[in-house]
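The structure appears below as structure tokens.
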Amino acid sequence: VSCIFLAFCSNLSSASLRSTSGVSGTRRKVKRLLSFQRYCHDSRLLRGLVPCAPGSLHFLDDDYLGQAAHMLSKVGTWNFDIFLFDRLTNGNSLVTLMCHLFNVYDLVHHFQLDMVKLHRFLGMVQEDYHSHNPYHNAVHAADVTQAMYCYLKEPRLAEQLSPLDVFLGLMAAAAHDVDHPGVNQPFLIKTKHHLASLYQNTSVLESHHWRSTVGMLRESGLLSHLPADMSQDIEQQLGSLILATDISRQNEFLLTFREHLDNQDLDLQLASHRHFILQIALKCADVCNPCRVWELSRQWSERVCEEFYRQGDLERQFDLEISPLCNQQADSVPAVQIGFISYIAEPLFEEWQRFTEPSALSRTMLGHLHKNKACWSSRRCAPSSPGTRTDSPDEEPGPEAGDEEGEDTP
């Protein structure tokens, strides 16, 4: 049954490759490089799902399906290797994972969802992630979704969540970066991109991710059977969750979270308090890479820095000021990661550990974070040229290598 299920997911979510024609002129080049796939697509509702790309597998090999199904049986463990899972599902990790989790929580039955519409929506979401982005791609979305599932299972939270809470948490995690262009908000603002004007230079990318998600929900008809007020409420709550991932609002959410914990006034029987914790959980899931085992964490670190460096190269190409962290000659991967862990990840996960009282998972995450930070610090001190990539995987000494403790950490 698992093999048939996975093959069905793979069949329905295969996407085609696209090419763009060259254009001349600086402004047109920037526009082409930043063109958002969503605006270039014909209506999928009229033409159905996109056919497979030449050479892609229509159905996965039985052995691969078996391995993917085995991995799904351990999807709630923190050492889940999303890169391997994506390979085993032929690049369909997001669709396959979401279908599985919807089944785990019986959300299809609870919300009376049409399976064809669900697969259409998930296929659209996965397709609208840019596969050429080193970091902000569908694999990142799947990784965040898997982390969100782990957080939804936290004892402090699990017993209080309603089916709607779970639905919103998983949907927001899957779609939180959809159609990300691979550059940040300051870049869109200084290049006078139309999205920056549309959203008045405020939470530009997050607003676009949310509005794109709403558009795909409506185009797929996934919620069309629900009362209008309920579907509108779902859309608004998804927006509130996705907008919370704006890193510029980090201190705002962290201070509110800390204040709640200091005052011990969180009441998870209140829908508003549960929604706030879902916002915090999504923020944690979005930046949890330093909390993974070294081998996974290192890969994500290199990917995000590669994306930063590509933006810096683009800025250099068009004589723009190079953004912070985007100068490959000055901003090394270890330096970027140490700063991110110290100022963003560590303060957030320390408060999350307080919230979980603390749980085995939160202790494991902070343990990995501290080890990874120490590893990056040792690499920063080692003699190397600025901006160079870290060693190849075969050369990694990895602080977690051979560490079997916590192999099946929940």
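Glycine is no exception: its Cβ is also placed from the backbone N, Cα and C atoms.
Just so you know, TrEMBL annotations are computer predictions that nobody has curated.
Quick look at what TrEMBL annotates:
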type	residues	note
ACT_SITE	His136	active site, proton donor
BINDING	His136, Asn137, Ala138, Val139, His140, Asp177, Asp286, Gln337	AMP binding site
BINDING	His140, His176, Asp177, Asp286	Zn(2+) 1 binding site
BINDING	Asp177	Zn(2+) 2 binding site
COMPBIAS	393-410	compositional bias 'Acidic residues'
DOMAIN	60-383	domain 'PDEase'
REGION	378-410	region 'Disordered'
Subject >> Pairwise C-alpha maximum, in angstrom, for the residues (His136, Asn137, Ala138, Val139, His140, Asp177, Asp286, Gln337) that bind AMP according to the record >> reply: 22
Original post:
Looking at the binding-site residues Asn137, Gln337, which sits with the largest number of other Cβ atoms within 10 Å of its Cβ?
Top reply: Gln337
Subject >> His176 (Zn(2+) 1 binding site) and Ala138 (AMP binding site), distance between Cα atoms, whole Å >> reply: 10
**OP:** Note the mean pLDDT of the domain 'PDEase' (60-383), expressed as a whole number.
**Re:** 97
**OP:** Give me the Cα-Cα distance between Asn137 (AMP binding site) and His176 (Zn(2+) 1 binding site), rounded to a whole Å.
**Re:** 11
**OP:** Using a 10 Å cut-off, grab the number of neighbouring Cβ atoms around the Cβ of Asp177 (AMP binding site), all chains included.
**Re:** 25
Subject >> His136 (active site, proton donor) versus Asp177 (AMP binding site) - Cα distance in angstrom >> reply: 7
Original post:
Which chain-mates of His136 (active site, proton donor) that are at least 6 residues away have a CB under 8 A from its CB, listed by sequence?
Top reply: Tyr129, His130, Asp177, His180, Gly182, Glu307
Original post:
What is the interatomic distance between the Cα atoms of Asp286 (AMP binding site) and His176 (Zn(2+) 1 binding site), given in whole Å?
Top reply: 9
